[in-house]
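**Student:** Next up is a structure, given as structure tokens.
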Amino acid sequence: MPDPAKSAPAPKKGSKKAVTKAQKKDGKKRKRSRKESYSIYVYKVLKQVHPDTGISSKAMGIMNSFVNDIFERIAGEASRLAHYNKRSTITSREIQTAVRLLLPGELAKHAVSEGTKAVTKYTSSK
């Protein structure tokens, strides 16, 4: 049995080698599927609010699930509203109404004001 003191040192935490594409038997490279998430955006917002605070991968997974869930709820409600009004397009008005219906009180007010600010910034940058 090899002596644990003489074995190769364990790699430092955070130092991961670049993952290369998997090789098939016929020599062709297989493309790895991309996993989309909101993690970079959650991280950017976290750093704006609390610059000295980090987030674990488990917490990031929970935040990603939360954002996906809220997105689906708002999109579904906005779709329903457009259908009720015999419209085929979801506009910012449907999104705003969906947010007002889904989110409680003060949270809805803040979400609507932030959304309006984002739409104004986007239209002025065009």
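FYI, residue positions are counted from 1 along the chain as it appears here.
Glycine too: its Cβ is placed from the backbone N, Cα and C atoms.
Since this is a predicted model, take the numbers as computed values, not measurements.
Feature table excerpt (Swiss-Prot):
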REGION    1-35  region 'Disordered'
COMPBIAS  1-12  compositional bias 'Low complexity'
MOD_RES   P2  N-acetylproline
CROSSLNK  K6  SUMO2 cross-link
MOD_RES   K17  N6-acetyllysine
MOD_RES   K21  N6-butyryllysine
MOD_RES   K21  N6-lactoyllysine
CROSSLNK  K21  SUMO2 cross-link
MOD_RES   K25  N6-(2-hydroxyisobutyryl)lysine
MOD_RES   K35  N6-crotonyllysine
MOD_RES   K35  N6-(beta-hydroxybutyryl)lysine
CROSSLNK  K35  ubiquitin cross-link
MOD_RES   K44  N6-lactoyllysine
MOD_RES   K47  N6-methyllysine
CARBOHYD  S113  O-linked glycosylation site
MOD_RES   K117  N6-succinyllysine
MOD_RES   K121  N6-glutaryllysine
MOD_RES   K121  N6-(2-hydroxyisobutyryl)lysine
CROSSLNK  K121  ubiquitin cross-link
**Student:** Based on Cβ atoms within 10 Å, give me the single least packed residue among the modified residues K35, K47, K117.
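**Tutor:** Among the modified residues K35, K47, K117, the sparsest Cβ neighbourhood within 10 Å belongs to K35.
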**Student:** In angstrom units, rounded to an integer, how far apart are the Cα atoms of K47 (N6-methyllysine) and K117 (N6-succinyllysine)?
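**Tutor:** If we compare the Cα positions of K47 (N6-methyllysine) and K117 (N6-succinyllysine), the gap is 20 Å.
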**Student:** Pop the Cα-Cα gap between S113 (O-linked glycosylation site) and K44 (N6-lactoyllysine) into the table, whole Å please.
**Tutor:** 20
**Student:** How big is the Cα-to-Cα gap, in Å, between K117 (N6-succinyllysine) and K35 (N6-crotonyllysine)?
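**Tutor:** Per the Cα atoms, K117 (N6-succinyllysine) and K35 (N6-crotonyllysine) stand 30 Å apart.
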**Student:** Do you know offhand how many angstrom separate K121 (N6-glutaryllysine) and S113 (O-linked glycosylation site) by C-alpha?
**Tutor:** 12
**Student:** Taking the Cβ of the residue listed as 'O-linked glycosylation site' as reference, which residues of that chain separated by at least 6 in sequence fall under 8 Å from it?
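**Tutor:** Same-chain residues close to the residue listed as 'O-linked glycosylation site' (Cβ under 8 Å, separated by 6 or more): none.
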**Student:** What does DSSP call K121 (N6-glutaryllysine) in the simple three-state scheme?
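**Tutor:** The residue in question, K121 (N6-glutaryllysine), is helix (DSSP, three-state).
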**Student:** Quick check: in three-state DSSP terms, what is K35 (N6-crotonyllysine)?
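**Tutor:** DSSP call for K35 (N6-crotonyllysine): coil, neither helix nor strand.
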